[in-house]
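Dumping what TrEMBL says about this protein:
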type     : residues : note
REGION   : 1-27     : region 'Disordered'
COMPBIAS : 8-19     : compositional bias 'Polar residues'
TRANSMEM : 133-155  : transmembrane segment
TRANSMEM : 218-240  : transmembrane segment
TRANSMEM : 260-280  : transmembrane segment
TRANSMEM : 292-308  : transmembrane segment
TRANSMEM : 320-344  : transmembrane segment
TRANSMEM : 393-419  : transmembrane segment
TRANSMEM : 431-450  : transmembrane segment
TRANSMEM : 504-524  : transmembrane segment
TRANSMEM : 531-550  : transmembrane segment
TRANSMEM : 578-603  : transmembrane segment
DOMAIN   : 663-727  : domain 'CBS'
DOMAIN   : 761-818  : domain 'CBS'
Amino acid sequence: MSVRENGRTMNSANGNQHRGFSMSSDDDMIDITTTGTVTERSIHYDDPGTSHLPGVTYCMGDGEGESLCYQRTSILQHVAADGDEIPGIGQYEDFHTIDWQRDIARDRMRHRYIVKRRQNSLFDLVKGAHDAWSGWVCVLLVGLTTGVVAGVIDIGASWMSDLKYGICPSRFWFNREQCCWSSNETTSFETGNCSDWLTWSEVLGQSRTGAGAYIISYLMYIAWALLFASLAASLVRMFAPYACGSGIPEIKTILSGFIIRGYLGKWTLIIKSVGIMLSVSAGLSLGKEGPMVHIACCIGNILSYLFPKYGRNEAKKREILSAAAAAGVSVAFGAPIGGVLFSLEEVSYYFPLKTLWRSFFCALVAAFVLHSINPFGNEHSVLFFVEYNNPWIFFELVPFVGLGIIGGVIAAIFIRANLYWCKYRKTSKLGQYPVTEVLIVTAVTAVLAYPNPYTRMSTSELIYLLFRKCGVTNTDDLCDYNRNFTDVKSAVDLASAGPKVYRAMWLLVLALIFKLLATVFTFGIKVPCGLFIPSLCLGAIVGRIVGIGMEQLAFNYPHIWVFSGECSTMKDCITPGLYAMVGAAAVLGGVTRMTVSLVVVMFELTGGVRYIVPLMAAAMASKWVGDALGSHGVYDAHINLNGYPFLDSKEEFAHTSLAADVMQPKRNETLSVLTQDSMTVEDVETLMKETEHNGFPVVVSRESQYLVGFVLRRDLNLALAQARRAVEGLRPSSLVLFTSNSPQQPPQPGTPAPLLLKNILDMAPITITDQTPMETVVDMFRKLGLRQTLVTHNGRLLGVITKKDVLRYVKQLDNEDPNSVLFN
């Protein structure tokens, strides 16, 4: 820091000389008006990181040789590249909304400072280059880490899932499929065993088959499920309560500008990663794909602190979190493009073009890393990857749309039932025993799932089984057709379904009912649990059943006009696996209300461009039906249930009301304000004790009520605490000044120096008039990311409208409980 002093004389209106105190243009200027003579010191700060001026002594002469000296100290805040002077200024409290405009302005100021200093030295040039590429480096690290973590989770979940059935004695770290690879034996989904893989009945000295072996395997299945579930629930409860659930509702809320401290922390990352492996391995009706978005955002949040540009600016940090969400979907489904579109369509609130590019790069890196790890040994990122080649018939759009309708109905039933159960959990004693609830749900799930082979296997295996085509080597009941294969390489012909197919269909109907009920009670319990895979499974079951029905219809009536072209030659013109895929997309679309990103994810899963139209038809039908039966998807519904302040940009505000109808306080009520130069430290502290507001407007005086600016409660508290530590002689009677002008009255002997807090004052708060339509106000909150706006009339302050006020008003107009909005 360099300090340059120069004296100068200023003539006042009455001819007296004054001495002033001035700072650089970015700092406060403090003028002291007296009747005597004051020596002026002009102090310029070349170092923007200077925290505060420790003290300057002023001596005033009375014209007769006598002088009065006192020390005046100011708290200075200068937002620059090195950060804030007062630690914590510009940050936010837990469960509060950020101010997008202020954070973006802070970043622009920091950026201008760096650009301005590039020519000064080589170090500043390198520093500027580092600032320019730091965003790309950050998303590169996020993509690399996300890919590695996803590979570990996939491998660990696959191994632990197979522990419920048996073990590979020669190589216990192999799962069932890898164990059978070493013996060059193939396994079926129904038996899933080979000579090198020992079931628990064989480990305990029993045979592989028989009643005794069945009972032992049944009990071991339940025991392992309870062990895994209890571990997952205990880890969540003891170390990271935020690791439970899907995480996507909270991610959407955080990306909209909400602060939830610890939700994206390191403990949440560790426990969520371990817990999701345990939860999936327990056989619960949940998936690990949804929580991958939460895990990726945890990684993005942690790595952003390596780059202060993002770690110390909440608005900028959300650019990294949007890219991380894209990487999470990319590794969940092996769909990098679908991940970018998912982040854009479903979770992100602010998505500029550079965030699109970085999200694309982050998703690409994550998918490449996971592909290199090859967790499933099939060169794909997911277990249920399939490929289709057969074209679809134009008439099949009718059953595809029908699947979309069915998917929307199933989704609406699930959302309503799950919300009802979650509300009951919150208001009853059940919510006080989360681990007990997890164990009960796990025990019931394991007992009911084991007898049915389609619910006994993991959900990803079941989805793959329903997606795939029946070939020569398929031995599952779903492929029991009366075909006569003469040439293995010949095309598969249409054939009548055997008795095992109809048996499998009945088992699938039972599996559908069981999975639907189990998912209703599972989604929301205190373990990591996703909803993508159960939704895909429900739709795949319905789709496979419909596909088999269409296949048999084409076989029995090949000459009707619908099938006369493609199916008249008895070729395989109907693909039941395609119906399963379309049905899966329909239910998932109905549950989440995804459209574009869903179609792209499913397209990347199957690699078939020709099936985009059926997927689009089913997704749109599902969304329309879902919107008709319920206004919200499951994630938005859980946001409302938890009372998060999420203002959905997709919804329209159709009510005719004015800002005066919503502002707080109402007309003829007292508004809590600060004055710019007439309140003492004691007055400010009393006001903060008596109110719970998160910020205070600053006015010229209580009589005029003309607006000066807005100050946040947190910044005011921090500034007062810093002043108590740094300022000597600060008293409760010290004036608090939010202006650079000097007080009207000259200081008296023994008068404490005023406390200067203009630096924490927002001099340009967003203001509206009391006659502004609420439709415009809501659009401002959505598009500008406002935290609050001030209501004025002819320049005089009338009230404040916060984001919480808007949400409560919208709920009141929609005949919902306005008090359900719990947070600010």
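Every residue, even glycine, has its Cβ placed from backbone N, Cα and C.
Unlike curated records, TrEMBL annotations are generated automatically.
What does the local environment look like for each feature on the list?
Sequence-distant contacts of the transmembrane segment (218-240), counting only residues of its own chain at least 6 positions beyond either end whose CB sits under 8 Å from a CB of the stretch, comprise 160, 163-165, 200, 262, 265, 267-268, 270-272, 274-275, 278-279, 281-284, 434-435, 438-439, 441-443, 445-447, 450, 456, 525-528.
Tertiary neighbourhood of the transmembrane segment (292-308): same-chain residues 83, 134-135, 137-138, 141-142, 145-146, 149-150, 153, 246-248, 250-251, 254, 264-266, 268-269, 272-273, 276, 317, 320-321, 323-325, 327-329, 331-332, 347, 366, 530, selected by CB-CB distance under 8 Å and a gap of 6+ residues from either end.
Away from its own ends, the transmembrane segment (320-344) comes close to residues 135, 138-139, 142-143, 146-147, 150, 251, 254-255, 264, 288-290, 292-297, 299-301, 303-304, 310, 350-351, 355-356, 358-367, 370-371, 380-382, 385, 532, 594, 596-598, 600-601, 603-605 of its chain (Cβ-Cβ under 8 Å, at least six residues beyond either end).
Same-chain residues lying 6+ beyond the ends of the transmembrane segment (393-419) with a Cβ under 8 Å from its Cβ atoms: 516, 519-520, 523-524, 535, 538-539, 542-543, 546, 550, 562-563, 565-567, 573-574, 579, 582-583, 585-591, 613-614, 617-626, 628-630, 632-634, 637-638, 641.
Residues of the domain 'CBS' (663-727) grouped by DSSP class, helix first, strand second and coil last, total 24 helix, 17 strand, 24 coil.
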Can you tell me which parts of the same chain pack against the transmembrane segment (531-550), counting only residues 6+ beyond its ends and a CB-CB cutoff under 8 A?
246, 285-290, 332-333, 396, 399, 402-403, 406-407, 410-411, 414, 459-460, 462-463, 466-467, 478, 497, 501, 505, 508-509, 511-512, 515-516, 519, 522-523, 574-588, 591-592, 634
